[in-house]
Amino acid sequence: MSTQKQAEEAMVSNNDTGHEEKEVSNDESGFSLKSVLWHGGSVYDAWFSCSSNQVAQVLLTLPYSFSQMGMLSGIILQIFYGFLGSWTAYLISVLYVEYRSRKEKENVSFKNHVIQWFEVLDGLLGPAWKAVGLAFNCTFLMFGSVIQLIACASNIYYIDDKFDKRTWTYIFGACCATTVFIPSFHNYRMWSFLGLGMTTYTAWYMTVASLVHGQVEGVVHSGPTKAVLYFTGATNILYTFGGHAVTVEIMHAMWKPKKFKCIYLLATLYVFTLTLPSAAATYWAFGDQLLTHSNAFSLLPRTPWRDAAVILMLIHQFITFGFACTPLYFVWEKVIGMHDTKSILLRALSRLPVVIPIWFFAIIFPFFGPINSAVGALLVSFTVYIIPALAHMLTYRSASARQNAAEKPPFFIPSWTAMYALNAFIVVWVLVVGFGLGGWASMSNFIKQVDTFGLFAKCYQCPPPTPAKHH
């Protein structure tokens with residue numbers, strides 16, 4: 001075994017040993033209900049976390065994207081960005097192993113410390129990259145959390161319209177604030193399992209309900225018709241496979257992080273079984289009607305099955321909110337010096353300043369679709385694709401770095417040159433298509449939505465016209 005491999009084995013086994021000792025100390029028999037439901041760190045836990053986090057409210061908006069792009073483009077781009085996202089998740093895992101192995105050689109201990117992506121960038125490329133990674137990740141996670149709150153209000157409205165959507169945002173913001181009590185990704189074992197079950201039910205409900213409903217009378221499938229619609233739909237699909245902002249935290253929660261390499265790919269393959277049939281079937285049934293109905297629930301007939309799907313998605317959005325906020329909690333804890341505090345209550349109280357601004361933004365911007373596309377184009381493009389690819393290229397730019405790399409290129413990549421070429425393609429493609437064209441389309445749509453919302457608010461506040469006096 002090479003020196004690099006030995007260092008890697010020592011690094012990843014450090015996590016394994018610590019958790020095994022903890023489990024044994026908790027229960028002599030090796031089994032406890034608390035450990036089964038609360039303490040996760042296996043490859044299965046990581047797979048459930050990645051699968052559950054990868055698709056949420058976007059499951060309900062993908063049919064809308066298909067109506068903007070057409071069936072063929074929607075299917076092709078889902079598969080394309082799914083594999084592209086799996087590759088950059090692999091790059092992130094490689095850089096984590098590289099960073100961790102270097103720090104282990106320096107006898108750095110990570111006891112009671114969760115490694116995050118910006119720290120990996122700092123250790124491998126310096127403080128400038130740390131600032132870039134921190135800015136993009138935190139902004140993306142903040143808006144991702146905002147989107148979940150808006151989506152909760154949007155969904156519940158289909159089964160209970162007694163309150164307006166803004167009032168529901170107040171209510172769900174308070175509910176989601178309870179995620180401050182979940183310490184780390186180790187403690188999402190039960191939630192990840194339940195979350196994936198909920199999205200699986202919703203996806204197959206959409207598929208079956210659309211097929212049973214059949215095509216509406218005079219159904220038309222005209223997409224794509226406009227470039228702005230096409231690239232708005234494309235950025236929504238780009239966003240679908242953008243769970244990378246929590247990849248390092250999920251990986252660090254594993255007992256053996258080196259086993260993460262293929263987990264994201266396996267999660268993506270499962271997600272394909274949810275997103276492709278549901279989006280295709282719903283678009284087949286309703287066609288261009290989806291252009292004015294971004295949420296698939298609005299077109300599916302109300303039945304107990306649909307109401308169940310709505311409720312399950314609400315619970316899943318609570319889980320996804322926790323996934324998005326937990327890395328932000330960690331960053332804030334490190335800033336104020338509370339990260340190594342063992343008291344769950346103190347940590348929960350210290351996390352509240354993170355939740356309150358997110359709650360505030362969700363109340364201010366009560367429209368989901370335009371924010372989703374804008375986040376996909378402006379933030380996911382860099383967070384998920386461009387930064388990991390560039391970071392990998394720069395980390396291994398020297399011959400000595402490649403020679404001493406903790407991870408060599410995978411078997412299907414013939415050389416470092418081929419790996420560089422693939423990463424360069426990702427950077428250029430996403431920069432031009434995702435950030436450039438997608439950013440133009442998404443911001444155009446976002447500005448239009450803001451103008452419409454402002455006009456509506458102004459009209460709503462205007463007093464009724466004074467009736468004309470007749471002489």
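Positions of Cβ are set from backbone N, Cα and C atoms, glycine also.
TrEMBL does not curate its annotations; it predicts them automatically.
Predicted, not measured: the structure shown is a model, and the values here were computed from it.
Annotation comment: TrEMBL describes 1-27 as region 'Disordered'.
The feature domain 'Amino acid transporter transmembrane' is assigned by TrEMBL to 39-432.
The transmembrane segment annotation in TrEMBL covers 75-97 (among others).
Here TrEMBL flags 134-156 (among others) as transmembrane segment.
Look at TrEMBL and you will find 168-186 (among others) tagged as transmembrane segment. Below 8 angstroms of C-beta separation, residues 38-41, 49, 114, 145, 148-150, 152-153, 156-157, 246, 249-250, 252-253, 314, 317-318, 321-322, 325-326, 329-330, 344, 347-349, 351-352, 354-355, 358-359, 362-363, 366 of the same chain, each at least six residues beyond the ends of the transmembrane segment (168-186), sit close to that stretch.
Per TrEMBL, transmembrane segment is recorded for 193-216 (among others).
According to TrEMBL, the feature transmembrane segment maps to 228-251 (among others).
For 263-286 (among others), the entry in TrEMBL reads transmembrane segment.
Residues of the same chain lying 6 or more positions beyond the ends of the transmembrane segment (308-332) and with a Cβ under 8 Å from any Cβ of it are 49, 52-53, 56-57, 59-60, 114, 116, 118, 134, 137-138, 141-142, 144-145, 148-149, 151-152, 155-156, 158-159, 172, 175-176, 179-180, 182, 184-185, 188, 191-192, 194-195, 198-199, 201-202, 205-206, 243, 245-246, 249, 297, 339, 347, 350-351, 353-355, 358. Residues annotated as transmembrane segment in TrEMBL: 308-332 (among others).
Beyond the transmembrane segment (344-368), the same-chain residues lying 6 or more positions past its ends with a Cβ under 8 Å from any Cβ of the stretch are 57, 61, 142-143, 145-147, 149-151, 153-154, 165-166, 169-170, 173, 176-177, 179-181, 183, 294-295, 325, 328-329, 332-333, 336, 338, 449, 453. As annotated by TrEMBL, transmembrane segment applies to 344-368 (among others).
Taken from TrEMBL, the feature transmembrane segment covers 374-396 (among others).
Residues 84, 87-88, 91, 227-232, 234-235, 238, 373-374, 376-378, 380-382, 385-386, 389-390, 392-393, 409 of the same chain, all 6+ positions outside the transmembrane segment (417-441), place their C-beta atoms under 8 angstroms from a C-beta of that stretch. The feature transmembrane segment is assigned by TrEMBL to 417-441 (among others).
Of the candidate ranges 75-97, 193-216, 228-251, 263-286, 228-251 has the most C-beta pairs within less than 8 angstroms of the transmembrane segment (374-396).
Beyond its flanks by at least six residues, the transmembrane segment (134-156) meets 56-57, 60, 116-118, 165-166, 168-169, 172-173, 176, 242, 245-246, 295, 297, 310, 313-314, 317-318, 320-321, 324-325, 327-328, 331, 357-359, 361-362, 365-368, 371-372, 375, 379-380, 382-383, 387 of its own chain at Cβ-Cβ distances under 8 Å. Per-stretch counts of Cβ pairs under 8 Å to the transmembrane segment (228-251) identify 75-97 as the leading one among 75-97, 193-216, 263-286. Long-range contacts of the transmembrane segment (193-216) within its own chain (CB-CB distance under 8 A, at least 6 residues past either end) are made by residues 48, 51-53, 55-56, 59-60, 63, 273-275, 277-278, 281-282, 284-287, 289, 296, 300-301, 303, 305-306, 308-309, 312-313, 315-316, 319-320.
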